[in-house]
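Annotated features, as they stand in Swiss-Prot:
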ACT_SITE  ASP9  active site, nucleophile
BINDING   ASP9, ASP11, ASP128  Mg(2+) binding site
BINDING   ASP9, ARG10, ASP11, ASP17, SER18, ASP19, ASP20, TYR21, THR52, ASN53, GLN54, SER55, ARG102, LYS103  substrate binding site
ACT_SITE  ASP11  active site, proton donor
SITE      THR52  site 'Stabilizes the phosphoryl group'
BINDING   CYS91, HIS93, CYS99, CYS101  Zn(2+) binding site
SITE      ARG102  site 'Contributes to substrate recognition'
SITE      LYS103  site 'Stabilizes the phosphoryl group'
Amino acid sequence: MSRSLLILDRDGVINLDSDDYIKTLDEWIPIPSSIEAIARLSQAGWTVAVATNQSGIARGYYDLAVLEAMHARLRELVAEQGGEVGLIVYCPHGPDDGCDCRKPKPGMLRQIGEHYGVDLSGIWFVGDSIGDLEAARAVDCQPVLVKTGKGVRTLGKPLPEGTLIFDDLAAVASALLQ
C-alpha cells in the first residue's frame, strides 16, 4: 500500500489558487489535466489523498458546507474520469491558532498515514509551497514541488534537500506511472 499512496496539497496543485482564497464553489476551478491525472493514478491502483490548509474557515471567508461542496465537486469530477479520491483532510485553523495540523506542521500527513496504516517514509507529498515541502520533510515523505499555483514563486526559495520538481500534477502522474 505505501508505494501506491500519493498525498496532494489542494489549492495550487489540484485547483487554481488565489491569494484572496477560494471562497465559493464557483471559484474552485481545477487546473487543466489535474483531474485526469488523479483519475489515471487511481485507475492504476494508487490511493490519492489530500491534505489542505483551509484557514479561510477560521477567517470567516467561507464555512464548512462550502468546503465540503468543493470536495464533493472534486470527487465527482474524478469519478466522471473513472477514478477515486481517497481521504481528504483539512486544517480549518488560522496561522496563529497554534494547532498541530496546519502545514508546515505535519499533523494532516500523520493523520493520513494513520488512516491507511502506513509508514510515511518515502511517500510522495506534492505541493506548491515551502510549507508543503517542510511538512513532507517533517515525516520523511518525499517532497515534490509542482510549478502550478505558488510553485514558481517557491522555486525562488531554498528548497528542502532532495525535493523533486515537476511542471504540474499530470507530469507527476506520468513519472509515477512509468
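FYI, residue positions are counted from 1 along the chain as it appears here.
Every residue gets a Cβ built from N, Cα and C, even glycine.
Overlay of Swiss-Prot annotations on the structure.
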residue : record                   : contacts (Cβ under 8 Å, 6+ apart)
ASP9    : active site, nucleophile : VAL50, ALA51, THR52, LYS103, PHE125, VAL126, GLY127, ASP128, SER129, ASP132
ASP11   : Mg(2+) binding site      : ASP17, SER18, ILE22, THR52, ASP128, GLY149
GLN54   : substrate binding site   : LEU67, TYR90, CYS91, PRO92
HIS93   : Zn(2+) binding site      : SER55, ALA58, CYS99, CYS101, ARG102
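In this structure, THR52 (substrate binding site) is part of a beta strand by DSSP.
Around the Cβ of ASP128 (Mg(2+) binding site), 27 further Cβ atoms fall within 10 Å across all displayed protein chains. One residue stands out among the binding-site residues SER18, THR52 for having the most other Cβ atoms within 10 Å of its Cβ: THR52. Annotation note: ASP11 (Mg(2+) binding site) sits in a strand segment as assigned by DSSP.
Sequence-distant contacts of ASP20 (substrate binding site), defined by Cβ-Cβ distance under 8 angstroms and a gap of at least six in the same chain, do not exist. Summary of the Zn(2+) site environment: with the site residues CYS91, HIS93, CYS99, CYS101 set aside, the chain residues having Cβ atoms within 8 Å of the Cβ mean position are ASN53, PRO92, ASP97, ASP100, ARG102, LYS105, GLY107, MET108.
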